[in-house]
Structure formats: C-alpha cells, structure tokens
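> Pasting in a structure now, in structure tokens, and then I'll have a few things to ask.
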Amino acid sequence: MKRAFIMVLDSFGIGATEDAERFGDVGADTLGHIAEACAKGEADNGRKGPLNLPNLTRLGLAKAHEGSTGFIPAGMDGNAEVIGAYAWAHEMSSGKDTPSGHWEIAGVPVLFEWGYFSDHENSFPQELLDKLVERANLPGYLGNCHSSGTVILDQLGEEHMKTGKPIFYTSADSVFQIACHEETFGLDKLYELCEIAREELTNGGYNIGRVIARPFIGDKAGNFQRTGNRHDLAVEPPAPTVLQKLVDEKHGQVVSVGKIADIYANCGITKKVKATGLDALFDATIKEMKEAGDNTIVFTNFVDFDSSWGHRRDVAGYAVGLELFDRRLPELMSLLRDDDILILTADHGCDPTWTGTDHTREHIPVLVYGPKVKPGSLGHRETFADIGQTLAKYFGTSDMEYGKAMF
C-alpha cells in the first residue's frame with residue numbers, strides 16, 4: 001500500500017536563494033531570524049527562550065538550514081540524531097508566490113511571468129473596475145491600492161459597512177483581493193463578485209494568478225477580524241501535476257486539507273476538507289490519514305505561518321506556531337505504515353523580520369520520513385519539482401517533465 005502525506009508549512013523558508021538579489025531578498029532567512037530572535041529573548045510573547053523544535057530537528061530541519069546557509073539556527077541542536085532524509089530546495093519558478101511554489105512542488109514550475117498590479121495607488125485599470133461595478137451592480141468600490149489585509153480593514157472597513165462598496169486591493173503578488181463584511185455585504189455575494197473578477201481578469205488577459213475573497217467580521221476599526229471563509233480562485237496549472245497523474249493514471253485519491261484545492265483550481269483533487277487554524281488543520285489531517293487507502297495523497301497547507309505571522313511580521317507568533325506544530329508532529333509520524341512517506345516542506349519564505357510585508361525568496365526545507373526512508377542528507381535540490389518527481393516514481397505514474405527523484 002502506497003500513501004504519501006504532504007505538509008506545507010506555508011512560508012517557512014530556510015535562507016535566501018542564490019537569485020535572491022533579483023527580489024531584494026539577500027539575507028532573508030525565515031527560520032534563522034526567528035531562531036535568532038528567540039535565542040536573544042526577543043520573542044517571549046506567549047512563549048519563552050530559544051526556539052524549541054526537537055521533532056523537526058530529528059527530521060533534519062537544522063541540518064537542512066545549515067546546508068542552505070552554512071550554519072545551524074541559533075539555539076537549535078546541530079548534533080541531534082537525524083531520523084529522516086532532508087534537503088534544501090531552490091525555486092525554479094519565476095515568482096515567490098503561493099501558486100508558483102505549490103505547482104512546482106507538484107512537478108509543474110511556473111516558467112512564465114505572472115501579471116502584476118505594480119502601482120501602489122490607483123492599482124487597477126479603470127476598464128476592469130468599470131466592468132466589475134457594472135456586472136456586479138456595485139455602488140462603487142474602495143481601496144484600489146496596495147495594502148496589508150489587516151491594515152486596510154482598519155482604514156476602510158467602517159466605510160465599507162456604511163456604503164456597501166467592496167474593498168479592492170493587491171500586493172507584490174499576482175493577486176486581486178476583495179474584502180467584504182460577511183454579514184452586511186454577505187458571503188455568497190462576495191463569492192459571486194470574486195467569480196466575476198476571475199472571469200474579467202482571465203478574459204482581459206491580465207494573467208493574474210489568484211482572486212482572493214477576504215471576508216471579515218466586526219463592527220468598527222480595531223475589532224475587524226478576517227474569518228476562515230477565505231476563498232482563492234486560481235488559474236489552472238499549465239500542465240498535469242503529479243496529483244492529476246495519480247488520479248488519472250492510478251485511479252488514486254488526493255485529499256486537500258485547507259486551501260490546497262483552491263491553489264490547484266481543484267485540478268487533481270478528489271476530496272476537499274476545510275479547516276481553520278493550526279490545531280484544526282492538524283485534527284483534519286489526522287482524520288484523513290487514518291482513513292486513507294492505497295494510492296492516496298493527503299495534502300495539507302498550514303496557512304497561518306504565512307497569513308497570521310509571516311505577512312504580519314509577528315516573530316513571536318510564528319515561533320509559537322512552529323512550536324505547536326512540532327509538539328503535534330509525533331501524532332502524524334505515529335500513523336505511518338511500512339510503505340508510507342511523510343514530506344514536510346514549504347512554498348516560499350516570509351521572513352517576519354524582513355522589511356515590508358511580502359514573501360521572501362528562500363530555499364525551502366524538504367524533510368522526508370517513513371519506515372523505509374533512509375535517513376541522511378539529500379543535498380541541495382535545484383527545483384521544488386524534485387518533490388513531484390519523487391512522488392511520481394513512488395506511485396509509479398508517468399514521469400514529470402521537471403525535477404529529479406530524490407530517492
């Protein structure tokens with residue numbers, strides 16, 4: 001019986017890549033800088049002392065970071081016994097965004113350039129805005145700028161509730177984001193608006209990776225909160241991923257936990273499970289692992305590392321999340337059967353000590369564990385697609401066009 005369990009710690013980079021200069025990210029190091037802050041006592045909010053990740057360390061995390069940067073993260077044990085196989089992987093894709101990272105993990109790197117809305121004010125073409133107002137019968141719109149998702153709620157949330165005008169905003173990523181109040185505007189209405197935006201962006205040739213519904217609740221600035229009903233409308237991957245091949249060629253099952261299905265535009269996904277927050281995502285993952293049959297992938301995205309702590313530049317929060325993940329990791333490991341493999345990885349970096357609020361171009365960790373997986377270094381991987389090619393070989397599907405199997 002063959003089963004693979006893929007856990008993406010969204011944004012958990014382990015040091016800048018060789019091409020980081022192109023992105024303004026030379027020196028970025030999500031894990032390294034979090035560990036450094038913890039070791040200095042600068043991340044003692046909700047936790048205390050050096051970063052404590054014994055289980056991830058046993059799977060090779062500290063060694064993978066050493067391979068990427070040349071040093072063991074501050075306060076972590078570089079001499080701990082390693083029971084997993086580990087690597088650090090470079091991104092072949094042109095961007096440092098979520099779809100690019102995930103698609104490349106599944107064997108399909110993004111070798112084209114996404115479209116972006118680069119102007120920080122008046123970010124969107126008037127023609128596009130006019131079509132959205134007309135088609136969705138809107139009273140107007142707010143925002144039309146680059147912004148952090150939480151900041152813009154404090155700035156415009158009250159006006160949105162009074163006027164019914166949706167908040168349109170973007171970032172350095174290839175995204176069109178729409179924030180609306182779940183109750184005063186309505187969740188279904190927001191989703192319908194996002195569908196219209198997705199159509200217009202696709203038909204207009206803007207080449208934008210994702211439209212993101214950003215519902216929120218609250219009644220005034222300072223207490224607005226985004227809810228777990230986020231929905232991403234992505235374009236489809238440009239070629240069949242290893243997920244699609246498993247389904248098509250082996251009649252396999254691919255279970256999405258969290259936002260995975262959205263990222264792949266539902267391509268190669270046979271079951272979707274929604275969950276919000278680290279503990280709920282863990283619980284849902286464990287349930288699906290227990291029920292998984294032969295030729296099954298359970299694929300989970302732990303989005304909070306990115307959305308709650310990386311983008312918000314919350315070092316202590318990120319550390320709390322990592323330590324929670326580490327404490328619960330043995331629950332996943334204990335469920336593995338003889339032929340199973342567990343892969344822990346990331347899709348990009350988002351260094352919470354870095355300037356701005358955007359992602360960072362970093363190596364990702366690739367930590368592989370299973371009863372039949374030989375422990376030790378798998379070295380520097382030239383593309384995240386090595387993960388996809390490894391899965392293709394493991395399940396016996398046709399080869400992926402990119403990547404080399406790691407074992």
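Here the Cβ of each residue, glycine as well, is placed from N, Cα and C on the backbone.
For reference, Swiss-Prot lists these features for the protein:
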BINDING   ASP10, ASP347, HIS348  Mn(2+) 1 binding site
BINDING   ASP306, HIS311, HIS359  Mn(2+) 2 binding site
> Give me the count of other Cβ atoms within 10 A of the Cβ belonging to ASP347 (Mn(2+) 1 binding site).
29
> Other than ASP306, HIS311, HIS359 themselves, what residues in this chain have Cβ atoms within 8 Å of the centroid of the Mn(2+) 2 site's Cβ atoms?
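The surrounding set, listed in chain order, is ASP10, SER11, SER307, GLY310, HIS348, CYS350, THR357, ASP358.
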> Residues other than ASP10, ASP347, HIS348 within 8 Å, Cβ to Cβ centroid, of the Mn(2+) 1 site?
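Going along the sequence, the neighbours come out as VAL8, SER11, PHE12, THR98, GLY101, HIS102, ASP306, ALA346, GLY349, CYS350, HIS359, ILE364.
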> Round to the nearest Å and give the CA-to-CA distance linking ASP306 (Mn(2+) 2 binding site) with HIS348 (Mn(2+) 1 binding site).
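If we compare the Cα positions of ASP306 (Mn(2+) 2 binding site) and HIS348 (Mn(2+) 1 binding site), the gap is 9 Å.
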> Give me the Cα-Cα distance between HIS359 (Mn(2+) 2 binding site) and HIS348 (Mn(2+) 1 binding site), rounded to a whole Å.
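Here the two Cα atoms are 7 Å apart.
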> In this structure, which of the binding-site residues HIS311, HIS348, HIS359 has the fewest other Cβ atoms within 10 Å of its Cβ?
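If we count Cβ atoms within 10 Å for the binding-site residues HIS311, HIS348, HIS359, the smallest count is at HIS311.
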> C-alpha of HIS311 (Mn(2+) 2 binding site) to C-alpha of ASP10 (Mn(2+) 1 binding site): distance in Å?
11
